[in-house]
Amino acid sequence: MIQELAANPFFGIVLSVSLYLIGQQLHKRWPIPLFTPLVFAIVMTIVTLLLMDISYETYFSGGQYINMWVTPATVALAIKLKKNIAHLRENVAAILSGIGIGVVFHTVIIVLLSLTFQFNEELAATLFPKSVTTAIALGVSESLGGIASLTVAVVVFTGVLGAVVGPTIFKWLKVTDPVAQGVAMGSGSHAMGTTKAIEMGDVQGAMSGLSIVLTGIAVVILAPVGLLLIQLLFS
Amino acid sequence: MKIIKQLFWLFLFSFLGELLSYLSPIAVPGSVLGMVLLFTALQFNWIGMEQVEDVGEWLTNNMAILFIPAGVGLMTNFGIISSVWWQLLVVIFISTTLMIALVGVVVQLIIRRSRVRSGQHAARVSPLWKGEKVSDPGTRS
């Protein structure tokens, strides 16, 4: 009986959306990382499915209807890019070189650490897109042969971590320029970093939002190089 | 009706992106190609902002909820995670902190340099200021 009901698409949808809403309420009261609505919803959905002995495939008969919106939402990032493109013109050299250097550097670190820990091809591909927004990371990971669900988890964790440590890093390194702060938050920890950047100020927020998209595009452009590196070094 | 029209554009560009991704020899996600196509269409005014804005903004502002099913997919990968979880945490911690630090420092350095060159003070930072010449990294002395 439970299995049949769980296979109904509305089971997965209601389960995940309700947990997300509960997470929002909890996060409002206790703003700790575990109560970030997305983190809470993922963890609690998994716990519920395991306790009720429901498979991921069964859950996904509903989950797919949420999942299919990722693509149009990613496409819609073009609107954010269009609205913030004016900010780019004012500091185009600084922003583009910052993001370019950052993305290349990030790839090098991922490759070096993956070699150190003797990760396989699949894990390296999973980690490669970790600093970009989930939608783009998901696509890049899939096209490089990574584990999509693990990429989502890694990306989410990166976002939560970046939002927490970002302000401290800026204090230590005396990064006081609001443009620099925004670009760093957006390119290093995507949408969650942007949430923090918006709290830091309007300039930071706009820059961070712009940087999410630019970093995503940079990672996509670099992906063929990443794929080549991964194939050369990890197989 | 307005919402249906806006959805139509977003779905159309999603599909065009997927189509282009399918046809292209390199691995670029269809969603990103769709985004680039929509941006191009907006930039050249083939499509007006008001034709996609409401639904598009609603989607991007509430994106997090859309990743739940993909994230729940973790439960099918417990085997891999249990064998490398602490290494993953180390990789995430090191790469994230270094990325934020490096990008912040580099962007600040270049902005300060260009501002010194064009005789402006670092204090005058505002997204609204006009007239600052964007520096060309190629001609820096």
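In case you wondered, yes, glycine gets a Cβ from its N, Cα and C as well.
Annotation source TrEMBL lists transmembrane segment at A:6-22 (among others). Packing against the transmembrane segment (A:6-22) from elsewhere in the chain are residues 37-38, 40-41, 44-45, 48, 52, 54, 58-66: each is 6 or more residues past its ends and has a CB under 8 Å from a CB in it.
According to TrEMBL, the feature transmembrane segment maps to A:34-52 (among others).
The transmembrane segment annotation in TrEMBL covers A:64-81 (among others). For the transmembrane segment (A:64-81), same-chain residues at least 6 beyond its ends with a Cβ under 8 Å from one of its own Cβ atoms are 9, 12-13, 16-17, 133-136, 138-139, 209-210, 212-214, 216.
If you look up TrEMBL, you'll see A:93-117 (among others) marked as transmembrane segment.
Sequence annotations record features per position, and here TrEMBL assigns transmembrane segment to A:147-170 (among others). Counting only same-chain residues 6+ beyond the ends of the transmembrane segment (A:147-170), those with a CB under 8 A from a CB of the stretch are 33, 36, 38-39, 42, 122-123, 126-127, 129-134, 137-138, 141, 176, 181, 184-185, 188-193, 195-197, 200.
If you look up TrEMBL, you'll see A:210-234 (among others) marked as transmembrane segment.
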